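J.: Below: one structure in structure tokens.
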Amino acid sequence: MSSAVVVSSENLDGQQQSSSTPASPAAEKVNLLGMSRAELEKFFEDIGEKKFRAGQVMKWIHQYFVTDFAEMTNISGKLRAKLEQICEIKAPEVVHRHYSKDGTRKWVFRVGEGSGSLVETVLIPAEDKTGSRKTLCISSQVGCALDCSFCSTGKQGFQRDLTPDEIIGQLWMANYSYMEEVPVAERERSVTNVVMMGMGEPLLNYDAVLSSMHIMLDDFAYGMSKRRVTLSTSGVVPKIDQLAKDIDVALAISLHAPNDELRNELVPINKKYPLAQLIAACQRYIAKDGNESARKHVTIEYVMLEGVNDQPEHAQQLLKLLKNLPSKINLIPFNPFPHAPYGRSSRNRIISFQKTLSDAGFVCTIRQTRGDDIDAACGQLVGQVADRTRRAEQWQKKVAQRQEILRTQG
């Protein structure tokens with residue numbers, strides 16, 4: 001019996017609105033949660049207030065996790081009343097909260113109008129040389145359009161991009177979950193690291209993701225170190241170049257194959273941006289003027305698929321591919337999902353693969369699988385608490401049809 005703790009909202013199918021949707025047109029309010037400092041400064045000037053109020057309000061929202069303007073005690077009563085009339089601070093609705101026996105936490109959020117769509121966020125705790133680390137894996141889209149063959153999220157299809165308040169709301173809620181019983185004056189930020197590795201391709205929702213990361217780095221909000229915010233991409237090359245100009249954060253590449261033929265199968269966007277272009281973009285990202293610690297290397301993510309990309313020749317090809325790219329390699333044991341066409345590489349195979357890379361001088365780690373008891377491990381970010389999306393159902397039907405054809409041919 002699983003020891004995960006599941007806390008559900010009272011009405012799974014209720015009509016509570018998300019952060020980006022007002023209760024009614026007449027009651028429409030401006031949601032301040034996803035606004036950057038520059039946006040908040042303009043907002044306050046537009047309503048006839050001094051722009052320094054932006055920093056004050058940001059601190060109350062993102063450092064003390066306050067949603068009631070009446071609690072913002074360093075702001076005049078008149079301004080608080082004004083904000084109450086025209087503004088709100090509203091994160092996406094939490095449908096379920098899952099707490100794993102290993103400390104992993106997962107939130108299922110409802111976003112969009114009416115019953116909306118579901119997205120998931122996972123927090124993974126760990127101990128390192130700096131102490132207790134809490135890494136939050138944030139989603140950027142509802143579903144994903146890239147359809148990587150080993151990823152369960154992609155099999156849901158793509159529905160829409162998340163808004164900045166829906167993205168930053170995931171970080172807000174994760175922090176608040178540790179502080180909700182703590183007096184406001186004693187609250188502190190708990191999440192130490194953010195990885196944009198959840199549902200969706202972050203670089204295909206570029207503006208909203210960029211705005212959200214600026215809030216993460218802002219000292220008036222979460223004040224996170226640039227090296228503690230990581231964006232993971234499957235390889236949208238033009239946007240990698242744009243990212244290098246717009247913000248300094250750590251970059252991770254969902255590589256998963258050491259040659260174009262195999263990567264075309266596993267990560268279809270490779271057909272548009274093949275490996276030579278992707279590696280060159282990574283080199284440009286690292287070499288960008290103004291390089292700081294966040295850009296000293298690129299993290300390479302490599303899911304280990306039994307008999308597919310885990311053979312000795314694949315390790316040798318990977319060494320050749322990465323020889324001129326400062327990188328750290330993270331080997332990820334595959335997490336099977338229903339109808340998945342792959343299996344997980346054996347532990348011995350993964351260790352052997354790691355040894356080949358380490359012996360060649362690369363820093364190579366094996367990701368510890370966490371949160372399996374709550375379907376929170378990487379590749380399992382699917383909405384299992386509600387009906388499958390229409391596209392997921394269609395995909396399952398196609399799988400069944402293919403299996404039937406194979407049986408009849410056999």
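Glycine residues also receive a Cβ, built from the backbone N, Cα and C atoms like all the rest.
Since this is a predicted model, take the numbers as computed values, not measurements.
What Swiss-Prot shows for this protein is this:
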ACT_SITE  GLU120  active site, proton acceptor
ACT_SITE  CYS378  active site, S-methylcysteine intermediate
BINDING   CYS144, CYS148, CYS151  [4Fe-4S] cluster binding site
BINDING   GLY200, GLU201, SER232, SER254, LEU255, HIS256, ASN335  S-adenosyl-L-methionine binding site
COMPBIAS  15-26  compositional bias 'Low complexity'
DISULFID  CYS137-CYS378  disulfide bond
DOMAIN    130-373  domain 'Radical SAM core'
REGION    7-26  region 'Disordered'
J.: How many whole Å apart are the CA atoms of HIS256 (S-adenosyl-L-methionine binding site) and CYS148 ([4Fe-4S] cluster binding site)?
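T.: If we compare the Cα positions of HIS256 (S-adenosyl-L-methionine binding site) and CYS148 ([4Fe-4S] cluster binding site), the gap is 10 Å.
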J.: Whole-number Å distance between the CA of SER232 (S-adenosyl-L-methionine binding site) and the CA of CYS137 (disulfide bond)?
T.: 10
J.: Work out how many Å separate GLY200 (S-adenosyl-L-methionine binding site) and CYS151 ([4Fe-4S] cluster binding site) at their Cα atoms, rounded off.
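T.: Each residue's Cα considered, GLY200 (S-adenosyl-L-methionine binding site) and CYS151 ([4Fe-4S] cluster binding site) end up 11 Å apart.
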J.: Looking at the recorded positions listed here (CYS137, CYS151, GLU201, SER254), whose Cα lies nearest to that of GLU120 (active site, proton acceptor)?
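T.: Result for GLU120 (active site, proton acceptor): the nearest of the recorded positions is CYS137.
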J.: Please report how many Å separate the Cα atom of ASN335 (S-adenosyl-L-methionine binding site) from that of CYS151 ([4Fe-4S] cluster binding site), as a whole number.
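T.: Cα to Cα, ASN335 (S-adenosyl-L-methionine binding site) and CYS151 ([4Fe-4S] cluster binding site) are separated by 9 Å.
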J.: According to DSSP, which kind of secondary structure is CYS137 (disulfide bond) found in, if we only use helix, strand and coil?
T.: strand
J.: From the centroid of the CB atoms of CYS144, CYS148, CYS151, the recorded [4Fe-4S] cluster site, which same-chain residues not already listed sit within 8 A by their CB, in sequence order?
T.: LEU146, ASP147, PHE150, SER152, THR153, GLY154, LYS155, SER234
J.: Within a 10 Å radius around the Cβ, which one of these recorded positions has the most neighbouring Cβ atoms: CYS137, CYS144, LEU255?
T.: LEU255
J.: Test of understanding: give the count of other CB atoms lying within 10 angstroms of the CB of GLY200 (S-adenosyl-L-methionine binding site).
T.: 29
J.: Do me a favour and check the Cα-Cα span between CYS137 (disulfide bond) and LEU255 (S-adenosyl-L-methionine binding site); whole Å is fine.
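T.: On Cα coordinates alone, these residues lie 18 Å apart.
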J.: When you measure from the Cβ of CYS148 ([4Fe-4S] cluster binding site), how many other Cβ atoms are you left with inside 10 Å?
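T.: A 10 Å sphere around the Cβ of CYS148 ([4Fe-4S] cluster binding site) contains 23 other Cβ atoms.
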J.: Show me the subset of CYS144, CYS148, CYS151 whose Cα is within 10 Å of GLU201 (S-adenosyl-L-methionine binding site); these are the binding-site residues I mean.
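T.: For GLU201 (S-adenosyl-L-methionine binding site), the binding-site residues whose Cα atoms are within 10 Å come to CYS144.
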